[in-house]
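A.B. asks: One structure follows; several queries about it will come next.
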Amino acid sequence: MAETAALPAGFGELEVLAVGTVLLVEALSGLSLNGLTIFSFCKTPELRTPNHLLLLSLAVADSGISLNALIAAISSLLRRWPYGSDGCQAHGFQGFVTALSSICGSAAIAWGRYHHYCTRSQLAWNTAIPLVLFVWLSSTFWAALPLLGWGHYDYEPLGTCCTLDYSRGDRNFISFLFTMAFFNFFVPLFITLTSYRLMEQKLARSGHLQVNTTLPVRLLLLGWGPYALLYIFATIMDVSSLSPKLRMVPALIAKMMPTINAINYALRGEMFSGGIWQCLSPQRSKQDRAQ
């Protein structure tokens, strides 16, 4: 199916084109906004702080998700997967690494904000760097397990992108899913919820609460919750009872998260948005060259 130009089962010509177009828009917007965030961090000395290193890590992870979406978009517009079985495994692995790094990176930012606002000590480099390394090494470890036989990567229903194979619903998939989800979704969700809740309790009394303490948790649930529900459904029911179109919805929602995260964490942040505008300002660029 993935090697031919025939339409995938359950999709019409216009539907395949629509999915490819949506993926392309998500990919380009995510790459643009997160690329701008990364560029601003590299070009603006004021942004090179331990707390902003956590934002940089999230932007890199989200750029990886957008790159994954771009490959899926091109394949969808071609109506076939042109990279073969090994390419599918690589695509699934890369997408899973960056997705887990994005989820855990959001939790790291929540903890970093709690540390910044609720303790007297600033987040140090010798804390931020190991935290970022842990996020990426842990995500790589869990994403590598399907390549080693615990879990499996396979094509999404559209046949033009790859992810964790949930269609089998066997003991191998179920054991991997629940273990992976506990450490990479529920634990980060708990850390995010607890960190912002403690911030709210501590800072609301003083009137210095400057961070939306509910939005990050909602974003995690809205962005990655549909995938979690689909996976859980696959453990108790025959997932083929769901239409292929419905099974593609979680993937489309998840690949929208890089754009949403860039807006929420970078563009809405006063210091980071100031750094972005400094990088885009011609007057600022002339001053940098003069220095």
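Quick reminder: no glycine exception, Cβ is built from N, Cα and C everywhere.
Sharing the record's features from TrEMBL:
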type	residues	note
DOMAIN	33-265	domain 'G-protein coupled receptors family 1 profile'
TRANSMEM	16-41	transmembrane segment
TRANSMEM	53-78	transmembrane segment
TRANSMEM	90-111	transmembrane segment
TRANSMEM	123-145	transmembrane segment
TRANSMEM	173-196	transmembrane segment
TRANSMEM	217-236	transmembrane segment
A.B. asks: Are there residues at least 6 beyond the ends of the transmembrane segment (53-78) whose Cβ is under 8 Å from a Cβ of it, and what are they?
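C.D. replies: The answer is 5, 16-17, 19-21, 23-24, 26-31, 34-35, 37-38, 41, 91, 94-95, 97-99, 101-102, 105-106, 108-109, 112, 125, 128-129, 131-132, 135-136, 156, 158, 160-161, 251, 254-255, 257-258, 261-262, 265-266, 269, 272.
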A.B. asks: Taking the domain 'G-protein coupled receptors family 1 profile' (33-265) alone, what is its mean pLDDT?
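C.D. replies: Mean pLDDT, the domain 'G-protein coupled receptors family 1 profile' (33-265): 91.
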